[in-house]
Amino acid sequence: MTEVIRRYGPVLTGLILLAVALWLALLVVLPQIMMVDFSFRPSLPPSKLGGPEDVYTVKNYATLWTNQIHLAIFIKTIWASALVTAVTLAVCYPVAFYLAQVAPKRRLPLLMLMLIVPFWINELLRTFSWYIILAFNGLLNSLLVGLGIFDEPQRMLGGDVGVIVGMVYVYILFMVFPLYNAIESLDRNQIEAARDLGAGWLRIHWRVVLPHAKPGIAVGCIMTFMLAAGSYAVPALLGGPQSRWFTEVIYNWFFEGGNWNQGAAYAFILLVLCIGVILTAMKLFRVGLTDIAK
Amino acid sequence: MSADRFRRLLTGSYLVIFFAYLFLPLLVMSAATFNSSRFPTITPWMGFTLGWFSALWADQRMWSALGTSLIVGAGVILVSVPLGLAAALLLDRLHSRAKTFLYALAVSPLLTPGVIVGISTLVFWREWFGVTGGLFLTIVAQSSFIAAYAMLLFSARLQRFDLTLEEAALDLGATHGQVFRRITLPYLTPSILSASLLAFLQSFENYNTTLFVRGLETTLTVYIASKVRTGLTPAVNALSLILIALTVLGAVTYEILRRREARRAAGTAGAEG
């Protein structure tokens, strides 16, 4: 602390501390604490606030266990997000490996730019582009009917499959960059050495590249899972009443059910799920927080 | 050697398919703008038209949503860039467990799902200050995590800062305010520009967080989502096409700035070494 004051002087240090305190307290920590506090209280009309009924309760959390539909949606959100994560990992690994180890140096800047540009495009627009393709009179149906695979167009929007396909597309780039960064730091000589010693390519990947890429795999999986589980845009656009996502249930508690306390409890459950996934991945792959936020 | 060639062919085709997968949906969406069909699709092709651009131009709700997005974006720049700068300046000078703790706290909003950032902001401001959803809360909620992006950008640049410059200025009798204005701030100017651009783009495209704190305001992304669900016409594609073109422009500019910066950093490191 003394070093901070020595470097910036008392006035500037005061301003810096004030700004950081405001940000972390008012915008980050207190809202989270308030949300959790709120989730343990019953939903009461203003006249009863502070009255005898205004006590802490786990009722809002019990709702998820008793409401079979919500519980099923919650569980589906977990496995579908895990599936999205696994598919993106499988699709991205070869691309990341090629870019990091195989691609000629002069071709790399263009290839990277081709990855970065779609990454910048609005998530909602990327979702919308799949809406156009999956629509009843969209490209995919015309193609499949034209090739004689289907006799007539099929409904591809409004179900879980459409949502999952869309999510893989929208979140794929959050997997590619962490993987690339991790594999890029692998010394190419290690691969050469393994090859000279007679290892096949499968063995090289399994024993040399993959272990080295662990931090990248962890970061990519954490980001993808979190984005998928917390996604609202993709299920809202590509899904329907039969394929509701947990975030949509939360939204409905707030803006249709009018029960904010209940919604806050569901939101906290989603947050705990994500923290659990982050901690598990960090332990499993032995990476720290600084590796993740790059 | 034929096995090697086979593998190269396999890798090549995989890459082609991968990049086609990345770009084809966007191309199809853009192409549908020019089809005079009432529903956005490219099959069947009903003839070329530019009519959906004029339909978009005449849409009053689109213009007001754009206005809202611009105001929110400007607000987010004004809030998140100074906050991120302050945090980066502070963390740069700390070397203890306090640093690890503050760093974890500061990046935690990046690892929190966007809907939860929105919900916690909404609940907190209503319960403590009686503020309900609207422009103000949208700016606050978005800034809470966009400030973390800004902080990471500033921290990266501060790591390469030559501290002796500040030391020399202080030894020569400059005040702390002068050092900050004349040395630190000019050094950070490129990062201030890129952080502002990043903050604006992040704010502009945000949907998940905005949805919960927007109140009765409609940003452009909220407007697009509502149009897709009710009243979808190729005018939405026209808007998407324009936004994609602007994003590509922004992304390429940002990349050029970043690469020039990286080259310069490599250059100075080389000169020192």
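Cβ atoms here come from the backbone N, Cα and C positions, even for glycine.
Per TrEMBL, the feature domain 'ABC transmembrane type-1' maps to A:74-281.
Sequence annotations record features per position, and here TrEMBL assigns transmembrane segment to A:12-34 (among others). Same-chain neighbours of the transmembrane segment (A:12-34): 4-5, counting only residues six or more beyond its ends whose CB sits under 8 Å from a CB of the stretch.
Annotation source TrEMBL lists transmembrane segment at A:78-100 (among others).
The transmembrane segment annotation in TrEMBL covers A:128-149 (among others).
Within its own chain, the transmembrane segment (A:161-180) has Cβ neighbours under 8 Å at 80-81, 83-85, 87-89, 91-93, 95-97, 99-100, 115, 118-119, 123, 126-127, 130, 134, 213, 215-217, 219-221, 223-224, 227-228, 231, 233-235, 237-239, 243, 245, counting only residues six or more beyond its boundaries. If you look up TrEMBL, you'll see A:161-180 (among others) marked as transmembrane segment.
The transmembrane segment feature in TrEMBL is assigned to A:263-285 (among others).
Long-range Cβ contacts of the transmembrane segment (A:128-149) within its own chain (Cβ-Cβ under 8 Å, at least 6 residues beyond either end) map to 155-157, 162, 165-166, 169, 237-238.
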